[in-house]
Amino acid sequence: SCCARNPACRHNHPCV
């Protein structure tokens, strides 16, 4: 799973 709309989470779960 990724965090498309959460900048704080994107570095952990980037959407590729």
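Placement of Cβ uses the backbone N, Cα and C atoms for every residue, glycine included.
Copied from Swiss-Prot, the annotated features are:
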{"type": "DISULFID", "residues": "Cys2-Cys9", "note": "disulfide bond"}
{"type": "DISULFID", "residues": "Cys2-Cys15", "note": "disulfide bond"}
{"type": "DISULFID", "residues": "Cys3-Cys15", "note": "disulfide bond"}
{"type": "DISULFID", "residues": "Cys3-Cys9", "note": "disulfide bond"}
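Just so you know, of the disulfide-bonded residues Cys3, Cys15, the Cβ with the fewest other Cβ atoms around it within 10 Å is the one at Cys15. Cα spacing between Cys3 (disulfide bond) and Cys9 (disulfide bond): 6 Å, rounded to the nearest whole number. Same-chain residues at least 6 positions away in sequence with a Cβ under 8 Å from that of Cys2 (disulfide bond) are, in sequence order, Arg10, His13, Pro14, Cys15, Val16.
All chains included, 13 other C-beta atoms sit within 10 angstroms of the C-beta of Cys9 (disulfide bond).
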